[in-house]
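According to TrEMBL, the features are:
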DOMAIN    40-289  domain 'Nucleoside phosphorylase'
BINDING   ARG80, ARG124, ILE125, GLY126, THR127  phosphate binding site
BINDING   GLN203, ARG205  substrate binding site
Amino acid sequence: RENFIHLCNPHLEKMKEDILYHFALGTGTHDFPALFGDVKFVCVGGSASRMKSFATYIAEELGLGSPGDDYPNICAGTDRYAMYKVGPVLSVSHGMGIPSISIMLHELIKLLHHAKCSNITIIRIGTSGGIGLEPGSVVITRQSVDATFKPQFEQVILGKTVIRSTNLDDQLAKELMQCSKEINQFNTVIGNTMCTLDFYEGQGRLDGAICLYSEEEKLQYLKEAYDSGVRNIEMESSVFAAMCNLSGVKGAVVCVTLLNRLEGDQISSSHDVLVEYQQRPQKLVGYFIKKRLGKV
């Protein structure tokens, strides 16, 4: 059964042209169905360079193109986001934090709709701070929770507070977990992910420019988070989950932990170790895509 993107915006039907400003793309200048109509998987992550490396990686895994091929940035007309396409896979950067990924997702969802894409799976791959996990562990998000451990995304719209659900697709999470068991290369868990509004105070760090709480208060808070089911902390998952739900898209969040926040705040692993950690979500999602496409 074809499952198309659902746009929760009746105003779009009245527009003669839709300009996706932050992608430097538009329905009046680009043939979206020709460019993107075959897309089935969208992987999004913070940095442009990481998403380019994922495009190169997935091309090799799927046997598309030749070694050393360069994949052009579809959004080269802007420096806001980067986008790469490899067969049925779209790899897109989203920047850092809720505002940045929110802008990208609005335009990405419209792009997929204009391209008449169906049965889309969107997966955020990224890094995070772990709670009670060894560095290098991968967390598949069950639900995103706010800084008070509630599974919701809160936004003020027209002066009114709107609350949206942040549950993610349970079957997709289980499918990814099974893929990790089959790879059997690193520790993977399914757990809740806390999404915060900043990297320092919002995550209870002691090493920011401003910190008006004690180490004991920090540890108590993080232990409360752990007891509530939180296994990692990042800054994008809540709005990602909310927007996937509203658009009828199956979404997942797969993040590697760079440190255990119960043991410290600063990321001290070597560059080579961090690079290997950051490849773990790529490996898991790459295997998942290959399996879905019958290439395993």
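Placed from the backbone N, Cα and C atoms, the Cβ positions cover glycine too.
It should be emphasised that the depicted structure is a prediction, and the values quoted were computed from it without experimental measurement.
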Span of ARG80, ARG124, ILE125, GLY126, THR127 as binders of phosphate, largest Cα separation rounded to whole Å, comes out at 20
Whole-number Å distance separating the Cα atoms of ARG205 (substrate binding site) and THR127 (phosphate binding site) is 17
Sparsest Cβ environment (other Cβ within 10 Å) among binding-site residues ARG124, ARG205 belongs to ARG205
Long-range Cβ list for GLY126 (phosphate binding site), cut-off under 8 Å, min separation 6+ in sequence, same chain only, gives GLY45, GLY46, GLU234, GLU236, VAL253, VAL254, CYS255, VAL256, PRO281
Whole-number mean pLDDT, the domain 'Nucleoside phosphorylase' (40-289), equals 97
Other C-beta atoms within 10 angstroms of the C-beta of ARG80 (phosphate binding site) total 18
Nearest to GLN203 (substrate binding site) by C-alpha distance, among the binding-site residues ARG80, ARG124, ILE125, THR127, is THR127
Same-chain residues at least 6 positions away from THR127 (phosphate binding site) with a Cβ under 8 Å from its Cβ, in sequence order, are GLY46, GLU234, CYS255, VAL256, THR257, LEU258, TYR277, GLN278
